[in-house]
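According to TrEMBL, the features are:
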- 24-144: domain 'Response regulatory' (DOMAIN)
- 179-244: domain 'HTH luxR-type' (DOMAIN)
């Protein structure tokens, strides 16, 4: 089902109208209540905004194929625990199907890892409920103008360590050397994966803890094994343990 809402009469109390005319948005949301709330809220906030609401990303791609007019596609993924393989594939396919129209995700989770993974999949914006409709409109305007939107709180969580998250192990002697010389060429993200491997975590659990797809976790594990020259996860974990125990550079076993 597709619903077009173009609000012209009145502005909700405390909300200033938008100033950018003619913004066409396609909103994909499986929940009828939130779909209607977002449509009516955005239409009230910006009187010249047209919101076409559909139930899925597939329906959004179909709506674009039929008439092709939209500046932004919004997709509400709600309270997903993370970007599992099915959702990753759906987002990747939607990004491709909606091109050149940018895709913006609405999510209940303000999670830095999940946001980074979304951006890697081609998403151009990530909106969380704490921002409010006013910021949401500005984010839509930014993305429609060619930019990318990420909440400031999410950027701060990526910069400052948060209790309970996985941190890259502190370097030993030789800390003045670049990471690539010190730890077998591993990136900080790969070091976080290696930390999980040392703790015996599965790919699925690594993906959950680091906010990525399971396939992405598998790719990181393969890269770690290749860079360290390890034949399996156990050998890589042993090498990491030895490195952290003696504080010596972790070199690859490859000739």
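Cβ atoms here come from the backbone N, Cα and C positions, even for glycine.
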Can you tell me the mean pLDDT for the domain 'Response regulatory' (24-144)? 86
Per DSSP, what is the residue tally for the domain 'HTH luxR-type' (179-244) in helix, strand and coil? 50 helix, 1 strand, 15 coil
What does DSSP give as the helix, strand and coil breakdown of the domain 'Response regulatory' (24-144)? 64 helix, 25 strand, 32 coil
